[in-house]
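The feature domain 'SSD' is assigned by TrEMBL to 284-407, 635-794. What TrEMBL records for 20-39, 258-274, 281-301, 313-332, 353-374, 386-407, 442-459, 646-665, 672-693, 740-759, 765-787 is transmembrane segment.
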C-alpha cells in the first residue's frame with residue numbers, strides 16, 4: 001500500500017470539496033432539515049420489553065403466559081399511617097381505591113383493605129362480602145374488631161396489611177395490552193373517551209394517536225396518588241407502569257443535562273487546545289449535526305429508544321467529532337502558518353488526514369457493530385446507532401468542517417513561523433519517543449505485571465442488574481421502589497411460575513394439590529423468597545371457613561368431591577379471585593413468588609432449581625417461569641455471553657482490517673496490543689473494585705476498542721509513512737511522536753474529560769461508565785506511547801525495501 005498515492009487521491013477530493021463548497025453546504029442544510037423533521041418519530045420506552053426483540057423466547061413465553069392469565073404487570077400504592085384502621089384513614093383509602101378503579105385506563109380490578117373478597121362462613125355455606133362496611137364505624141371498639149378480623153386472615157396478615165396495622169397496599173391488576181396498540185383504533189377511542197370524562201388527568205397526553213398502555217397507566221396512577229388530598233396517606237407508587245414513568249421522567253432531565261455539560265467541556269477544551277473560534281464552533285456544529293442526522297433518519301423508521309442508554313452514542317459521537325476535528329485542524333493550522341493560504345491549507349489537511357481518519361472510522365464502525373451479536377434489542381440499537389454516528393461524523397469532518405475552515409482571509413506569513421521546524425512540545429515528544437525505545441526492557445516488564453493484575457481482576461467480575469448497585473438510592477424513584485420493598489408487606493421483585501397440563505380438571509385432584517403444596521413449600525424455603533401466592537391460599541381459607549374458622553383446617557380439602565364442593569360453593573357465592581390463579585378448565589395454574597432481595601447468582605440458582613423441581617413433581621406437565629426477574633436473569637446470560645462474543649469479534653475485525661490495510665500480519669497483531677490493553681484494564685478495575693457488569697458497563701469494552709484503535713492507526717500509519725521516507729525505525733518513531741504525539745494526547749485528554757460529565761450524575765452506572773471510560777482511554781494512550789513503538793522497533797514489520805533509503809533526497813517536513 002503506497003500512502004503517497006492514497007494521499008494524492010484525498011488531495012484531489014479536497015480540491016473538489018473547495019470547488020463545490022456552496023453546493024455542499026446547501027445539501028448539508030437540506031439534509032439537516034430533513035433529519036430534524038424525523039426526530040419526532042423517535043419513541044421512548046422505559047419498559048423491560050424495550051430490551052427484547054418480539055421473537056425472543058422470553059417474550060414469546062411471556063405472551064403465552066399472558067394469554068393464559070392476562071397482564072403480568074400490576075401497579076401498587078403503598079400506604080403508611082399511624083393506624084390504617086382509623087375512620088378517616090379508611091375513608092381516604094376507599095376514596096383513593098375508587099378513584100384508581102374509575103380513572104386509570106385498562107384496570108381489571110383493584111384490591112385494597114376496603115375492597116377485596118372477605119370470606120365468611122354461614123349456616124348454608126359461605127358468604128363473600130366486604131370487611132369494611134359501607135358506613136365506616138367511628139367508635140374505637142368496632143374499629144378494633146375490624147382490625148382483629150383482618151389480621152386473623154392469613155391471606156391478609158403481612159400481605160395486604162402489616163401485623164402492626166400501620167401499612168397497607170392498594171393493588172391494581174391490569175387487562176392485557178390491546179393487540180397492536182399502536183394502530184388499534186378501538187384502543188384510541190377508549191383513551192379519548194377517558195380523556196373526555198377526566199380531562200384534567202389526561203390533558204397532557206397527545207391522543208391524536210394511541211399512547212403506550214404501560215406509560216399512560218403509570219402516569220395516571222402517579223397523578224392520582226400524588227394529589228394533595230392523599231398526602232396524609234404517605235402514598236408510594238410502585239409496579240412496573242409507575243416505575244417506568246418515573247424512570248422516563250428522570251432520564252428525560254438527566255440526559256440533556258449530561259449532554260449539555262459534555263458540550264460545555266468540549267467547548268472549553270477545544271478553546272484551550274486550538275485557540276481558534278473556528279476550531280471551537282465548527283466541531284460542535286458538526287457534532288450536533290451528526291446526532292440530528294443519525295437520530296432523525298432513525299425517527300423515520302419509528303425507532304424505539306431506552307432513555308437510560310441514549311447518552312452513550314451521543315457522548316461517543318461528540319467525542320469522536322472532537323477527536324477527528326483536532327486531527328484535521330492541527331494539520332490545517334500548521335499548514336496555514338507555513339503558507340498563509342487558507343484554501344490550500346484545507347486541501348493539505350484533507351490530504352494528510354483523509355486516509356487515517358477513514359481507516360479509524362471503518363475500524364471503529366466495525367468494532368461497534370459487534371453489538372449486533374448481543375441478542376438484546378437496546379444494545380443492538382447502541383451498536384448500529386453509534387456506528388452510524390461515527391460514519392456520519394467522518395463524512396461531515398472530512399467534507400463540511402473543511403468548508404467552514406475555508407472561508408475567510410489568507411494570513412500573512414512571517415519568516416520566523418515559516419522557518420520554524422518544530423515547537424518545543426513537539427521536540428520534547430520526539431525525545432520522549434527516543435527515551436521509550438531506550439527503556440524497552442523495564443517497560444515490557446511493567447506492562448506484563450499490569451496485564452497479570454488486570455487478568456486477576458477480571459476473574460472477580462460479575463454480572464448484576466440490581467437497582468441498588470447499578471442505579472443507586474440517590475435516584476428518587478429507585479429509593480421509593482426499594483423502600484417500599486423493604487417494608488413488612490412489601491417485596492422488591494416478583495416472578496410467576498406457570499404450570500400447564502393437557503387434561504382438564506387436573507388441578508382439582510387432591511393428590512396433585514398436595515404435590516403443589518410441597519412444591520410451593522420448597523420454593524418458600526429459598527433464601528430470597530419472601531412470600532408466595534396461588535390458588536392454594538384461597539382453597540385453604542375456604543376449607544377453614546367451612547369448618548368454623550378452625551386453624552387446623554387451614555389446609556387442602558382431603559378428597560376430590562370435597563375440593564369440587566368447596567370450589568362450587570365459592571363460585572356460587574360470587575367469588576372470582578381464584579380466576580387469577582387457575583384457568584376455567586383447571587389445567588393451567590399460576591404461582592406468584594415475591595422476593596426480598598436481588599442477588600444475581602442466588603436468583604439464577606433458584607430459577608434453575610424451580611425447573612428441576614417442576615420436572616420432579618409434575619413430569620406430565622409443562623413448568624415455566626415468567627415476569628421481570630426471569631427477564632433480568634435471561635438478560636444477564638445474554639450480556640455475559642454477548643460481551644465475550646462482541647469482544648472477540650471486535651478484536652478479530654480490527655486485526656484483519658489492520659492486516660489488510662497495512663499488508664502485514666505483524667502490524668495487525670501489533671495493533672491489537674493497545675486495543676486489548678484498555679479492555680483488560682477496564683475488566684480488572686471492575687473486578688478489583690466491585691463494579692458490576694450491567695447494561696451500561698457491558699457495552700464499554702467494544703466501545704473502547706473502537707475508540708482506542710483510532711490513535712493506534714494514526715500512530716502506525718504515520719510511522720509507516722515516515723519509514724517509507726527514511727528507512728529507519730528509530731527516526732520514524734521519533735518523528736511520529738513529534739507529528740501525531742500531540743494530537744493523540746489532546747484527543748485522549750478531551751475524550752477522558754468529556755466522559756467526566758458522567759461523574760456528576762447521581763446514577764451509579766453513569767459514574768461507573770465515566771470512570772471506566774477514562775481508565776480505558778488513558779490505558780490505550782499509554783499503550784500507544786509505550787508499547788506500540790517498542791513492538792514496531794522489535795518486530796520491524798514494514799517493507800524491507802525502504803530500509804537504509806537515501807534520506808538526503810527526501811523532504812522531512
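Placed from the backbone N, Cα and C atoms, the Cβ positions cover glycine too.
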Is the transmembrane segment (20-39) in contact with the transmembrane segment (740-759), using three or more Cβ pairs under 8 angstroms as the rule and ignoring pairs under 6 apart in sequence?
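Between the transmembrane segment (740-759) and the transmembrane segment (20-39), contact is absent.
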Flag the pair the transmembrane segment (281-301) / the transmembrane segment (765-787) as in contact if three or more Cβ pairs fall under 8 Å (sequence separation 6 or more).
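These two stretches do not touch.
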Report, as numbers and ranges, which residues of the same chain sit near the transmembrane segment (646-665): CB under 8 Å and 6 or more residues beyond its ends.
1, 359, 362-363, 366-368, 370-371, 373-374, 671-672, 675-676, 679, 701-702, 705-706, 709, 713, 716, 720, 797-798
Within the same chain, where does the transmembrane segment (765-787) have neighbours whose Cβ lies under 8 angstroms from its own Cβ atoms, ignoring anything closer than 6 residues to its ends? I mean 6 or more beyond.
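For the transmembrane segment (765-787), the sequence-distant neighbours (Cβ-Cβ under 8 Å, at least 6 residues beyond its ends) are 254, 258, 311-312, 432, 436, 443, 447, 470-471, 673-675, 677-679, 681-682, 685-686, 691, 694-697, 700-701, 703-704, 707-708, 711-712, 715, 741, 744-745, 748, 751-752, 755-759.
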I'd like the per-state residue tally for the domain 'SSD' (284-407) from DSSP, helix first, then strand, then coil.
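Summed over the domain 'SSD' (284-407), the classes give 110 helix, 2 strand, 12 coil.
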Tally Cβ pairs under 8 Å between the transmembrane segment (386-407) and each listed stretch (258-274, 313-332, 442-459), then give the stretch with the top tally.
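If we count Cβ pairs closer than 8 Å to the transmembrane segment (386-407), 313-332 scores highest.
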